[in-house]
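Pulled from TrEMBL:
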SIGNAL    1-25  signal peptide
TRANSMEM  118-137  transmembrane segment
TRANSMEM  276-296  transmembrane segment
TRANSMEM  302-321  transmembrane segment
BINDING   ASP361, LYS362, THR363, GLU467, PHE509, LYS533, ARG562, THR642, GLY643, ASP644, ARG724, LYS730, ASN753, ASP754  ATP binding site
BINDING   ASP361, THR363, ASP750, ASP754  Mg(2+) binding site
REGION    439-459  region 'Disordered'
COMPBIAS  445-454  compositional bias 'Acidic residues'
DOMAIN    777-1004  domain 'P-type ATPase C-terminal'
TRANSMEM  811-831  transmembrane segment
TRANSMEM  837-859  transmembrane segment
TRANSMEM  889-909  transmembrane segment
TRANSMEM  915-936  transmembrane segment
TRANSMEM  943-963  transmembrane segment
TRANSMEM  975-995  transmembrane segment
Amino acid sequence: MFPFNHLLNLFCDLVWNFLTPLVQNKYPQNKAIKAVCCDCLAHICRRKKELKARTVWLGCPEKCEEKYPKNAIKNQKYNIITFVPGVLYQQFKFFLNLYFLVVACSQFVPSLKIGYLYTYWAPLGFVLAVTMVREAVDEVRRYQRDKEMNSQLYSKLTVRELLCFVVFFPGSCFIRTDQLDGETDWKLKVAVGCTQRLPADLFSISAYVYAQKPQLDIHSFEGNFTREDTDPQIHESLSIENTLWASTVVASVNHRNIARLDFGLLDLELNRLTKALFLAQVVLSVVMVALQGFVGPWFRNLFRFVVLFSYIIPISLRVNLDMGKSAYGWMITKDENIPGTVVRTSTIPEELGRLVYLLTDKTGTLTQNEMIFKRLHLGTVSYGTDTMDEIQSHIVQSYAQTQASGPKVRKSVSSRIHEAVKAIALCHNVTPVYESHAGVNGETESAEADQDFSDDNRTYQASSPDEVALVRWTESVGLTLVNRDLTSLQLKTPSGQILSFYILQIFPFTSESKRMGIIVREESTGDITFYMKGADVAMASIVQYNDWLEEECGNMAREGLRTLVVAKKCLSEEQYQDFENRYNQAKLSIHDRTLKVAAVVESLEREMELLCLTGVEDQLQADVRPTLELLRNAGIKIWMLTGDKLETATCIAKSSHLVSRNQDIHVFRPVSNRGEAHLELNAFRRKHDCALVISGDSLEVCLRYYEHEFVELACQCPAVVCCRCSPTQKAQIVRLLQQHTANRTCAIGDGGNDVSMIQAADCGIGIEGKEGKQASLAADFSITQFKHIGRLLMVHGRNSYKRSAALGQFVMHRGMIISTMQAVFSSIFYFASVPLYQGFLMVGYATIYTMFPVFSLVLDQDVKPEMALLYPELYKDLTKGRSLSFKTFLIWVLISVYQGGILMYGALVLFESEFVHVVAISFTALILTELLMVALTIRTWHWLMVVAEFFSLGCYLASLAFLNEYFDLSFITTWPFLWKVSTITLVSCLPLYIIKYLKRKFSPPSYSKLSS
């Protein structure tokens, strides 16, 4: 997507610069006027499309009033038309490349021409060619990945398919919403009644859907369905629980993602340094012209000096950095310790070494979203995974006694276990699903005749994996859910007996109530029982008095288990009839329906019998705990952003050790207005060193009224958990951290709901998991497991940043040293704007003579990978940016000035007869000095570095035979040439070696202590 904003701002600046002389006397507040003008022009040029409600006709797209975007994934930056201008803009918006473009164009003016055209245009063309090839390769890969994903079409399953889900609820189906909310569980959706039992396809009827305008809330929906080909017309309301047609249609939710144009913090820092170099270059040129006395056409001489000193800003800087980044990406991909890692954006690997905030998803990223039943507590006795066989024996014994002599009155351990397991097996929204098979001859057979109701063929579907884990556990101990529809469910006992129950009422789980309930009537006895399960904070006031619930809930929570309190209440026929009448009246209320319904339900929730406390573990990804501890020790602050419930998110934060055991957790109470947010923020301000847990709704209120205060307080927390977050809120949190802290952020996720967060962060990491490849395709880096992020940051992030910083500064040193020599030469020879080295000498100096040793710095490392992982505290120094700062830059400037002066003055002092000897002595000493400086900079030698050093030296010595135009071959083969070159090189390098040795001896860096 072409960067329209930058062009717009540039246009506004030009217009304003033209109008400023006309209005500055009359309007002193010109900056404010400029901002208003720019905003107005932006509003006119790119007016945001207003979101409206939609009417979608079934099977008749031509009736739609407007066109909507295609349901496709797009992660490309450019298209065929915008590729060339887009890449050129991205390159020339950096001062470095724009400067060299101007310098190269100036060589077409005869009076400004300094040397050969190819010495300026060849490097610039090479840089642009390398950049375009790299961008083209990345674009082709993105296009291929998008094409692969977009070619996956939906399919209608028939009975001739080998496998197909048979849904027992008439007019219902299961769908997955993992690309919206990150949850991989199947959710039950009830179909619109009039779309069932159609004589033909759904698109054969005349109907349309009216949907509300697009909303950020993904948990609610309002719409209407209208069928016109009936008399009278049929109108039905639609909500988030509805689908249109409960046939076997596999649905997929796709996204349209526009890849961001990435450049890292290192690029911005180098851009600032090149501006400083340009300023120094202009000052040096002005000084030269001033020392000439501003005689003659001094403007032309000034520009010639600017061109003459243009090597002070090396154009090879960009191409070296870009090639280095490609090398880092290759190293990451080939690392055997993090197999399957893919570098999708090769422009920001050094960002991995500068991260301060890591924002992570929960489901599928930190956890596997696979629940395992771990604990059953009855108050006086607790059962764990190693004692589940005792529960099974109690269940077998209980039903055997029930069949023999009826249930006992006394509450024995067996009867208490029986009641608890029975309650868990009944109080849920789980549906057993069986796979059906088509006939071999291809003919359609009845579902009943072809159905396999064996235990091996049964799977469970539910909107919550917790409930599936509970039902699977009851099956493992002997009480199996075998059938369910809208009005009944059936359980199978260990002896094979079928127990049938009528479902009278269901009260679904909500984030407000934190509990769910069900009223059932047992078919054999007619007994009516109200079962309820929920969070301990909600159930503590509902169940009868006890002295163990709170303590045991705390114990399980500290173990990282997700707890549910299970209770029951027996109802008489009269009690239930009274409740049903009041409940139906409340549901028909026009005003305050929700409150009235809740009040009626709460009338039942009193003095319920506490049955048990369950503990379910959400299995963490491999090595999540040590990885989070590693990141914390590295100074990285971790925020968990999830769409899950508050209790679940808090439990995972504890079990994953995102929140350490000795840290308190401050749960931000729900707020809905400014006053409540103010009070809660004040309460939070008084807490110290505690983790924050906040819901998406409360977060939105705080950001609306107290954005700065909230972000300031949250950034002081060791960990932050945001639950019930929408994808848009996740991206908003990333942008807030970027704006308020100016630190680098990283987002990691595995689902389509994490894409906006990943693309908003400075560095995006995607995990290929159960939720598909959406996050992986849209991210800068793709990994297979969360634990790989430790090595990715501590090792590859460190090496990439350190190497790029050293490489960038050394390339600038290579340009500054030759510019210093040019300045000394011009000042001695009457400030003439004549180049010291011309033609191939300049091209060879920047390429074949020094390029390979300088580029070999991408193989250097200051700390071994094992040490970087063992001491993650070393990572903290990287975030301070000390490897590339104005301090280190000034040190390299002083080194360049010293060495350039020594090389030039030494050559002028030691040469005897001809000026060509000055060129031979100084240039040879310059090449040797650069090779020795590379050796001085290297901290860990690699065999390729040695090869690069000797190869470059060999190329230079071999080329001397062909440089008759620049060197006197008879002179360079004599002993005076050799001792003069050796002396100058020794004087330029030996003091620096001595200084480096003394510094490492008396003030060693932290990493050198570990290396020793």
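Cβ coordinates are placed from backbone N, Cα and C, and glycine is handled just like the others.
The recorded stretches the transmembrane segment (915-936) and the transmembrane segment (276-296) do not share 3+ CB pairs below 8 A when only pairs 6 or more apart in sequence are counted, and are therefore not in contact. Taking the Cβ of ARG562 (ATP binding site) as centre and 10 Å as the limit, one finds 23 other Cβ atoms among all the protein chains shown. Within the same chain, residues 840-841, 844, 848-853, 855-856, 859-860, 924, 927-928, 931, 934-935, 969, 972 sit at least 6 positions outside the transmembrane segment (943-963) and bring their C-beta atoms closer than 8 Å to a C-beta of that stretch.
Against the transmembrane segment (276-296), the recorded stretches 118-137, 302-321, 811-831, 837-859 differ in Cβ pairs under 8 Å, and the greatest number is found for 302-321.
Between the transmembrane segment (811-831) and the transmembrane segment (118-137), the number of CB pairs under 8 angstroms, six or more residues apart, is fewer than three, so the stretches are not in contact. Within its own chain, the transmembrane segment (975-995) has Cβ neighbours under 8 Å at 895, 898-899, 902-903, 906-907, 910-912, 917, 920-922, 924-925, 928-929, 932-933, 936, counting only residues six or more beyond its boundaries. For the pair formed by ARG724 (ATP binding site) and ASP754 (Mg(2+) binding site), distance between Cα atoms is given as 13 Å, rounded to the nearest Å. Within 10 Å of the Cα of ASP754 (Mg(2+) binding site), the following binding-site residues from the list ASP361, PHE509, ARG562 place their own Cα: ASP361. For the pair ARG562 (ATP binding site) and ASP750 (Mg(2+) binding site), the C-alpha distance works out to 23 angstrom.
The least crowded of the binding-site residues ASP361, ASP754, judged by other CB atoms within 10 A of its own CB, is ASP361.
Across the structure, THR363 (ATP binding site) and ASP750 (Mg(2+) binding site) are spaced 8 Å apart at their Cα atoms.
Considering only the binding-site residues ASP361, PHE509, GLY643, the residue whose Cα is spatially closest to the Cα of ASP750 (Mg(2+) binding site) is ASP361. In sequence order, SER464, ARG515, MET516, GLY534 make up the list of same-chain residues 6 or more apart from PHE509 (ATP binding site) whose Cβ falls under 8 Å from its Cβ.
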